[in-house]
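Following: one structure in structure tokens, then a few remarks.
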Amino acid sequence: MSKFVFLLGVPLLLSSSVIYAEDDFVTCYSVLKLMNANDGSRLHSHDVKYGSGSGQQSVTAVKNSDDINSHWQIFPALNEECNRGDVIKCGDKIRLKHLTTGTFLHSHHFTAPLSKQHQEVSAFGSESESDTGDDWTVICNGDEWVESEQFKLRHVVTGSYLSLSGQQFGRPIHGQREVVGSDSITGGSAWKVAEGIYIKHQQKDL
């Protein structure tokens, strides 16, 4: 997996500004892919709307690790603030912005499209149009969100966990996994940070 860190205050075009990291913390405004720990597929979205439920932009998971539609950027929760490179702590609330379409990972009480016992997860809104349905709590062990460790995302408003249902879509997104909000933790609720660009504060001794 490709993991590298941009130091704040160092020009991004300089090769010396890229540090490959074996283990580090996840930070605010970093761009990353989220991989399901059980299935190995990446959290994904695209400009394809659900044909049922909210009709909002669909969120799925894909096996292809190179898909550009699987990049997400970490933002603070609605009406909260964080600085570029601030470490995300376990228990913090965040939003995840889909880099390609500018929408936020979202959930609500609409029924999921395939597994009717779960709730729908969508991509919705923008930086200028966001609500508390975009807020997720990072559930992890310890004090800080560590890149190498598994974590869960719990939706702040509904309390559901971002999960894979085990079902797959047909056309037009054939083979993509259904992503849902589950009322309880399942085998598909654990995630890991995969490929990404991580922003961290420049160390004083560099």
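Cβ coordinates are placed from backbone N, Cα and C, and glycine is handled just like the others.
Positions annotated as domain 'MIR' by TrEMBL: 23-77 (among others). A mean pLDDT of 95 is what the model gives for the domain 'MIR' (23-77).
Secondary structure of the domain 'MIR' (85-141) per DSSP, as helix, strand and coil residue counts: 3 helix, 28 strand, 26 coil. Per TrEMBL, domain 'MIR' is recorded for 85-141 (among others).
Feature annotation from TrEMBL assigns domain 'MIR' to 142-196 (among others). With DSSP states grouped into helix (H, G, I), strand (E, B) and coil, the domain 'MIR' (142-196) comes out at 0 helix, 27 strand, 28 coil.
Sequence annotations record features per position, and here TrEMBL assigns signal peptide to 1-21.
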